[in-house]
């Protein structure tokens, strides 16, 4: 008799526990915790005008609900635009048929638009993307051959359309404004090229392929000439090294791309790998390759970085957001580099107002 | 057999009724405060700068210095790596930042709240802040170490807000009829709100001692309940386009979602240019944000800002 009532109590307790739990689930579904329902950006949402705003003068620009205009309303891009006209850069992006949707698409949606001209180089032509067909095969061992053909194409069709010719991968993120600032000090008639300089194998060093490199017009001419006159070999499985060797043979100088405080601008990895001390192990090849003393931590990277490599699709957009959108309002950057002389003259004529942000002549 | 079955069923019924009763009572208790101060849900806007731009640089600097933000970061021993990252990064931009921990942790200096209960920690931290600093700081920002904050953007957001008014700002979440600021996005209180909160902290019917009745209610909800009794209401912070400025997700997560939901406008639809917080970052990501926000930029893009903020002394990552 005792055991029977114990059993009853047990089933009763079980039942109440299950009832309790079941009810809690039901209630949470019904009451529906309105979590982070991010409001759809309804541009005509009356809530966008808060009653607090009544006293203020709304500038006309706010009636235009173009996604970016009000955020960038106080942005002055005169200097960047001036450099865009003065330092013409043609970018060509090394890609392939299988990477158009996965990688090249995101390059196209972000930094590629800032080149004066951009070309996507693939083994096959694609009229829709569009890509230039180099009529090669794909594969790591084809990279140098693709590079030669790509530069050949650029030389034959666009030589006079640009001053500088940049090669990047479809997982490289390039900040064109900073590249223009770097190159503005040099003449495109000078035989020189820039990138992340590595020291082994080539006396003057060579530039990392992934971090991207940029040739002056004269350097491009000499590179193309090298194959006509057979001064450089076509066959190599290491694209950046082979190009670097050829540059040396053709007396094209390997430039120093570091900023005025000695910080690197072209980066073979993503920011995290450079900024975090001991991210890259001490035994990693990188430490022995860098031409200049390599730095980990905040000193790794210039404020005016030009490129990062091994950038996946998400990181492309993140970098785009961090470079061109998110900023600390009113912040006076520590690094305030000088404008190049010729730009300086033009800009100060145009802008009579002293802009406290543009500290001129502060190395 | 039959009697067991029926006792089981009786059990299910009693259990469900019991739960329903508790929930309803709980909602009445929270809802009661609601009815007292009915107000419209509204959004707080970032200010418009036109008038400010007319003042001189010196006046702008003085205006910038008038915002004094005290940062409270609630930490537990398991947060050690995030704690380190937060200490080395964004908190250097607070006018003052202090860490409040559940217990003493050897590696870092902190103010020991001597409790594991988050709500109790929060109450004690706010009380400490009020007692010690209510005359030196006018805004109080509370965060967990998973959050990355841009204090300059916070100050810009607060530009036209009078700290002697009761502000309680952040990323709000609605729970039925009840709205609260999520601790994950960071909580901003004006000194007036802190004052009012402090006067209620010892009243246990309004500001409960610990957790909820049967199960714990999160500390950010508790705070909202308490503040409501003091006539302080949560407000969601947005920029001129209606984008949230306090975020409970990381940039990476926003980007991933944008790539799925609107792949043609990933960055444009992602996040505010004037974002104040992001949450859910790893320690490494905090260092990357520091570089991305305070250093990395495109040359030749300048801004004529209404406020001026100088880099902090003795720091090399900004």
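Backbone N, Cα and C define each Cβ position, glycine as well.
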Open item on the list: Of the residue ranges A:40-72, A:73-105, which one carries the region 'Disordered' annotation in TrEMBL?
Closed with: A:40-72
Open item on the list: Under TrEMBL, the annotation transmembrane segment belongs to which of these stretches: A:7-31, A:107-131?
Closed with: A:7-31
Task: Reported mean pLDDT - the domain 'Fringe-like glycosyltransferase' (A:89-254) - done: 96
